[in-house]
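Chemist: Just lifted these from Swiss-Prot, have a look:
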TRANSMEM  50-70  transmembrane segment
TOPO_DOM  71-457  topological domain 'Extracellular'
DOMAIN    112-207  domain 'SRCR'
CARBOHYD  Asn163  N-linked glycosylation site
CARBOHYD  Asn170  N-linked glycosylation site
CARBOHYD  Asn195  N-linked glycosylation site
ACT_SITE  His258  active site, charge relay system
ACT_SITE  Asp308  active site, charge relay system
CARBOHYD  Asn319  N-linked glycosylation site
CARBOHYD  Asn375  N-linked glycosylation site
ACT_SITE  Ser405  active site, charge relay system
Amino acid sequence: MSLMLDDQPPMEAQYAEEGPGPGIFRAEPGDQQHPISQAVCWRSMRRGCAVLGALGLLAGAGVGSWLLVLYLCPAASQPISGTLQDEEITLSCSEASAEEALLPALPKTVSFRINSEDFLLEAQVRDQPRWLLVCHEGWSPALGLQICWSLGHLRLTHHKGVNLTDIKLNSSQEFAQLSPRLGGFLEEAWQPRNNCTSGQVVSLRCSECGARPLASRIVGGQSVAPGRWPWQASVALGFRHTCGGSVLAPRWVVTAAHCMHSFRLARLSSWRVHAGLVSHSAVRPHQGALVERIIPHPLYSAQNHDYDVALLRLQTALNFSDTVGAVCLPAKEQHFPKGSRCWVSGWGHTHPSHTYSSDMLQDTVVPLFSTQLCNSSCVYSGALTPRMLCAGYLDGRADACQGDSGGPLVCPDGDTWRLVGVVSWGRGCAEPNHPGVYAKVAEFLDWIHDTAQDSLL
């Protein structure tokens with residue numbers, strides 16, 4: 001199975017056709033428009049034969065030289081193609097930048113995690129290997145929400161102080177105490193302690209995301225079984241699947257801004273979102289959640305698909321189940337290295353020549369590209385912005401296509417799945433040297449949090 005990419009690329013990345021198209025002819029200045037005499041024609045033929053003979057000798061010498069080059073340097077004549085692991089073959093390409101830009105040094109931050117057994121919040125300070133229980137002193141719901149966001153969750157669902165006398169502690173357990181004068185994520189704000197003055201530690205729960213309850217029952221195949229990607233959504237205009245989307249919360253779905261921009265004149269009441277769907281043939285009239293608001297990123301550019309994300313707020317909340325659930329966002333400062341095996345899914349065209357979407361949900365694995373390689377002259381020649389990332393293969397074996405736009409690119413983080421990209425654009429579908437381009441979700445976390453914060457359920 002091959003998924004293939006939706007929209008045409010930015011103008012800078014499109015093919016440029018050279019010369020007149022088929023069947024187009026023109027007369028150049030100086031062309032003769034009247035008949036030529038036979039004598040002139042014969043003399044012209046003799047001169048032409050002599051010229052052709054000389055050109056033939058030169059051409060023969062050129063072919064011989066080229067064959068010698070092929071024999072001595074066979075690799076030089078091969079087209080640039082291959083998988084991500086063949087990155088060294090692009091060394092002759094002109095890179096968009098000689099080296100990756102160095103980021104300014106950021107203040108060291110504290111790391112958090114939530115114990116899955118008792119939901120106690122733990123912190124790691126100053127690169128110490130030990131995880132410390134967080135004292136309840138100085139705690140606030142606002143800090144709890146910030147921590148949930150930093151872990152890739154969209155909302156805070158529960159928090160409280162737990163008495164130390166109610167939990168089992170080993171004798172070596174240490175604690176982290178927050179200084180009320182400093183920010184909650186700066187390392188200097190947290191001090192290791194042997195005990196908590198209040199006698200309480202923090203219990204924290206965030207919205208559930210990134211889990212696949214039915215994953216253990218799925219075996220092989222490229223047509224997707226129910227529950228394999230529970231956050232996959234179908235964004236439909238009327239009864240027609242238009243784009244993919246990803247469920248972030250019961251009333252929030254993220255998709256591509258260009259999907260909404262292409263149909264910006266459509267009535268809001270015509271949009272519906274289907275979740276837990278595998279086959280479109282199973283959809284019945286009036287099914288799906290109506291869209292209450294469409295919120296494209298305010299900086300979206302229709303010219304180069306920069307900032308290509310949009311949020312959809314639903315009129316009614318989705319009912320989460322084994323087949324419907326939310327995907328996690330990337331954690332704070334989380335980095336997925338090039339070569340990471342991620343998955344893209346959707347109902348898009350399964351072949352470049354097809355003009356219809358797939359009835360069954362499809363998926364395929366794609367490795368992440370380095371932005372430097374994707375912006376090289378061999379691939380997209382600098383068309384990518386910092387809000388974009390690449391995933392796929394240089395040999396074009398698998399990709400996304402029309403109808404997949406807005407859908408999820410997810411990467412595993414242990415047992416948790418995180419939304420790393422939103423299907424955005426590419427050159428053609430599964431073309432060699434042109435992998436898929438995705439909106440980089442990590443660049444939009446603040447906007448997603450700020451937009452969804454006031455009206456989450």
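Any Cβ shown, glycine's included, is placed from N, Cα and C.
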Chemist: Which of the active-site residues His258, Asp308, Ser405 has its Cα closest in space to the Cα of Asn195 (N-linked glycosylation site)?
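Modeler: Checked the active-site residues His258, Asp308, Ser405; minimum Cα distance to Asn195 (N-linked glycosylation site) goes to Asp308.
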Chemist: List only the single closest residue to Ser405 (active site, charge relay system), chosen from the recorded positions Asn163, Asp308, Asn375 by CA-CA distance.
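Modeler: Result: the closest of the recorded positions to Ser405 (active site, charge relay system) is Asp308.
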Chemist: Sorted by position, what residues of the same chain at least six away from Asn319 (N-linked glycosylation site) have a C-beta under 8 A from it?
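Modeler: Sequence-distant Cβ neighbours: Pro250.
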Chemist: Would you count the other CB atoms within 10 A of the CB of Asn163 (N-linked glycosylation site), including those on all shown protein chains?
Modeler: 11
Chemist: Rank the recorded positions Asn170, Asn195, Asn375, Ser405 by how many other Cβ atoms lie within 10 Å of each Cβ and give me the one with the fewest.
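Modeler: Lowest Cβ count within 10 Å among the recorded positions (Asn170, Asn195, Asn375, Ser405) is Asn170.
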Chemist: Let me know the DSSP-derived helix, strand or coil state of Asp308 (active site, charge relay system), please.
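Modeler: DSSP call for Asp308 (active site, charge relay system): coil, neither helix nor strand.
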Chemist: Any idea what DSSP makes of Asn163 (N-linked glycosylation site), helix, strand or coil?
Modeler: strand
Chemist: Going by C-alpha distance, which of the recorded positions Asn163, His258, Asp308, Asn375 is nearest to Asn170 (N-linked glycosylation site)?
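Modeler: Going through Asn163, His258, Asp308, Asn375 one by one, the Cα closest to that of Asn170 (N-linked glycosylation site) is Asn163.
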Chemist: Counting every protein chain present, what is the number of Cβ atoms, excluding its own, within 10 Å of the Cβ of Asp308 (active site, charge relay system)?
Modeler: 32
Chemist: Fill in the CA-CA distance, Asn163 (N-linked glycosylation site) to His258 (active site, charge relay system), as an integer in Å.
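Modeler: A Cα-Cα distance of 51 Å.
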Chemist: Round to the nearest Å and give the CA-to-CA distance linking Asn375 (N-linked glycosylation site) with Asp308 (active site, charge relay system).
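Modeler: Just about 18 Å between their Cα atoms.
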Chemist: Round to a whole number and give the Cα-to-Cα distance in Å for the pair His258 (active site, charge relay system) and Asp308 (active site, charge relay system).
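Modeler: His258 (active site, charge relay system) to Asp308 (active site, charge relay system), Cα-Cα distance: 6 Å.
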